[in-house]
Amino acid sequence: MSERIQVIIASVLIAVIAIWLPFYQAETGSLLDQYDYHASVVWQQPWRIFTAHIFHLDATHAVTNAIALVLVTLFFAHHFSVRTWFNAVIVITVICIAVVWLIGTPERFVGLSALIHGLLLTSLLLEWSQHNYARTDWLSPLVIGLLVLKVLLEIIGVMHSAILLSAGTDYGYIHLAGLVGGVIAWRLHRKRLASITSKPRPPANN
């Protein structure tokens, strides 16, 4: 099985769990109080750093984000191995939580959207870097610019979404934190590639 297929399967597994959780919550009672991002307790309860991203407010919120996660991964899986994809996911989720905590808003949130924004930015930067940031490759920087513009419009309250607004009025800051995580994940990914290519090759056997 190719690395690309394995990466896609990994994203599908996360998507399935995210979709299943709202239905599980409906049967067992809400788990959000124990697993969402909550600024005042997140460092005392570090599991929230990761669970905040996979839990959602309702099934619609979960399905929308799950589809988006799989689509982003489907388009850009060729840039990752399973290991580097999970590395990117972990970096983005941790940095996102740290940035939201430093900004101080929102106090609480759940959902995959920050991870999706970060993973999309990481992937677009990897796509652009593959072409040595050539000026003729206009698509990647254009989409990056539109993505950043979208988040800025969300922060100033110009862009709204019926689905996203259910997560509160500060979701633009969550997405901004995801973008910060995406840039850091991209830099770490590039450093790893550079370290691999700079390693001396063993002499060939005669």
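Note: Cβ is positioned from N, Cα and C throughout, glycine not excepted.
Feature annotations, courtesy of TrEMBL:
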type	residues	note
DOMAIN	44-185	domain 'Peptidase S54 rhomboid'
TRANSMEM	7-24	transmembrane segment
TRANSMEM	59-77	transmembrane segment
TRANSMEM	84-103	transmembrane segment
TRANSMEM	109-126	transmembrane segment
TRANSMEM	138-165	transmembrane segment
TRANSMEM	171-189	transmembrane segment
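Residues of the same chain lying 6 or more positions beyond the ends of the transmembrane segment (7-24) and with a Cβ under 8 Å from any Cβ of it are 31, 54-59, 61-63, 65-67, 69-70, 72-74, 77, 80-82, 85-86, 89, 112. Residue counts for the domain 'Peptidase S54 rhomboid' (44-185) by DSSP state, with H, G and I taken as helix and E and B as strand, are 104 helix, 2 strand, 36 coil.
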